Every structure is written in structure tokens, then in C-alpha cells.
Amino acid sequence: IQPYEKIKARGLPDNIASVLNKLVVVKLNGGLGTSMGCKGPKSLIGVRNENTFLDLTVQQIEHLNKSYNTDVPLVLMNSFNTDDDTKKILQKYSHSRVKIYTFNQSRYPRINKETLLPIAKDVSYSGENTECWYPPGHGDIYASFYNSGLLDNLIGEGKEYIFVSNIDNLGATVDLYILNHLMNPPNGKRCEFVMEVTNKTRADVKGGTLTQYENKLRLVEIAQVPKAHVDEFKSVSKFKIFNTNNLWIALSAIKRLQEKNAIDMEIIVNPKTLDGGLNVIQLETAVGAAIKSFENSLGINVPRSRFLPVKTTSDLLLVMSNLYSLNAGSLTMSEKREFPTVPLVKLGSSFTKVQDYLRRFESIPDMLELDHLTVSGDVTFGKNVSLKGTVIIIANHGDRIDIPAGALLENKIVSGNLRILDH
């Protein structure tokens, strides 16, 4: 695993445009916004100044193409859940300076946990049959990309590498230093697969980690760890890094391995209970697990800023706040923050859904000097609130707390009832 500083220290060649023209950006766009109470593709949730995840992605690539006069395309891997809605919205980018392609990942049948048989009655995908199917995880990218014909088309256009990342990771921007390292390796031998890893913090104990086995790098996910070893796996001292799921992969290698059927990924068994109470099994694979099938793989230990996922409204609060500034679709940590680490934010269940969360903040608080925020119960925030240090706000059942406009809370615990009404 190489430190990012070492790769950055090599600098950039004069002809960076010719290197960029060999790149394709792929975003994993199969997920729905259900965990945040939204219908439709997660990529269409507004993140910052009315911009969605997809808007920010297009802005980033457009900025690259304009700055270097290049033609970096964007490819979206959709699932059957997100394809229709995504295609409708793509029309709005028809005049942007980014070619956008889509392909669909597979549709697999959910399996009854007791009988081990598919629960679908037939292959249709409508009515009550919809919840009989699932997209089988992002490890499906290799086969679906190949089968769609898009892989061959891009190779035909002279593209050599894809940069793959989750569409909800706002830190996953194209890094020219890593790209240059791939295209112009110092020892002349190109890597077929690079995984960006970053140092664990207490918030990342579940992330997959890299191990070395039989001279190959391997990804180990928490779902693969026996219960007796989960605490050891989560240990920050034993496994210091985790997979950001920002991956750089050679197109020719995907084609070669796919044609030989030689991509080997461990199958993750994901048990689920459907709304009706039926226990099912989903068999999934993770895109990073294929690392062991590629030649000359490498992990690069990147700064934490390259991992900025928005999985919950607590994450959304961070990226909407003044902790970050937005420039050409990229979020960067404000220079006014003294520590480069992100505050720990835990919003309670009243904030889980995006519409509830938005209703509870009249404006996003000033969080530049915040270390830790915990909010529980029926709490609302007025305009221009400042939060500093450690702030804990707990409204017990039946109580309600309205933080008044303009309030400054520094190292405070607020509990009980607090309502200030206009008269």
C-alpha cells in the first residue's frame, strides 16, 4: 500500500490532457434513497444549493473537460430500480460538455430462506413480483459492463482506465496524480487495479479492509468475518485502513478476465426480511473483491477528504454546512476550520427522512468549530444557530425543544422543554 504523498510528489506531466483522454468516470448509481426516506434514485437527492449528487458529478467532469480541453465521459451503472428515473433526468444535461452513457446491472431473484427456491413466480417485473428481484451488488459491474457492449465501445475509442466510485461519495473526484501514476508507472509496469484506502476513524469500523494472501491483495468485508472475530476486524489498531470504494481499473484487463470468466469474487450472503415478514436471502458481490484477479494490484492510502459518503441525514448536515465550500462541483473543507477532521454528528430518528430533516432546520447551523453533535427527540433549529465544541440536545418523549434563532451553543447539554413563540 503506497502513501498518496509519494504518488503526488512525482508531480504531473506537461501532457496531462492526453492522459485524461484515456479515462472514463463510472459512478455506481443502482441505489434508492429509501434509507433517507426518499423515493427514486439516491443520486437525485438535493445535496447542496439545490444540486443533486448527479448534478455535482456532471459539474466536476465538465470542469475537467473545459479546463484541459478533454473528453472524459461519465458512465452510470443503473439498476432496474433507478434506470427509468435516471434516464428521464439525463435530458437536462444534453448541452453539457460531458458525454453520458448508462448501462444496467443484472436483476437476480430473491431466494426463500427456508426452501432455498426463488420467490418469483415468473420473470416479469411488475405488480407484486417487483420485490422478488434485487440488483446483486456492485461486483456485478464487470459482467454487466462487458455484456452491455459499452466496454468494447470505450476500448475502441482509445479509453484505457475507468475510475469507479459510489455516486454518494462526494469526495470521489478525479485525481490527476493517481491517474498519472497509472498511465506512467515509475517502474514501467502498469497496475491493472488500484484501490484507494484511507485511515480508519472510530466512525468507519465497518469498512472493508485489504489483506495480503498468497502474494495477492484481497478485500475482506465485515459480512465475511465470523462473529467471533468481528471485534478484532473493527479494531482501529489492527486494521488501520479501509476501502473507500474508489477504484481505478484497466479496461483491457476487465475484458481479458471477463472473456476467460476469471473474475473471482467471494459471494456475500445478505439476509433480508420483506415487508410481509418473509425471510429471504440475497447473494451479492462487491466490486473491490475482484482485486485478487488482477495483475499488479495496488492500494493507495489517500487523504480522508477522498471519502465523504452521504448515507444518512447526519452526513447530509455535514456536507450542507459551512464546513465545506463548493467549487466546480467539488466540496473542499473550509480553511477556517482548525482541525481537518469532520465533527461526529448523530441525529435521532426524528431526522431520518430528508423531508423531516429539512423541516427541522430553518437554516443549516454554523458548524465550523463543532466537534460533536447529538440530537434526540422532537428538536427544531431556528435560523443562524451556531454550534461549537460538544453539543447534546435531548428532548424526552412528549417534550419539544426549539433552539431559537441566532442561538450560540458551545459545550452545552440541552434537555427538557424549550419553546420560544412569536407573539
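Counting begins at 1 with the first residue displayed.
Keep in mind that glycine also has a Cβ here, set from the backbone N, Cα and C atoms.
Owing to the predicted nature of the structure, the values given are computational and were not obtained by experimental measurement.
If you check TrEMBL, you get these features:
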type	residues	note
BINDING	Lys42, Gln105, Gly137, Asp168, Lys311	UTP binding site
BINDING	His138	substrate binding site
Neighbouring C-beta atoms (10 Å sphere around the C-beta of His138 (substrate binding site)): 24
Max pairwise CA distance, angstrom, over record-listed UTP binders Lys42, Gln105, Gly137, Asp168, Lys311: 21
Rounded distance in angstrom between the Cα atoms of Lys311 (UTP binding site) and His138 (substrate binding site): 16
Residue pair Gln105 (UTP binding site), the residue listed as 'substrate binding site' - Cα distance, angstrom, rounded: 8
Rounded Cα separation (Å) that holds between Lys42 (UTP binding site) and His138 (substrate binding site): 15
Length of the line joining the Cα atoms of the residue listed as 'substrate binding site' and Asp168 (UTP binding site), in Å: 14
CB contacts for Lys311 (UTP binding site) [other CB atoms within 10 A, all chains]: 14
Residues near Gly137 (UTP binding site) in space but at least six apart in sequence (CB under 8 A): Ile268, Asn270, Glu284, Thr285, Ala286, Val287
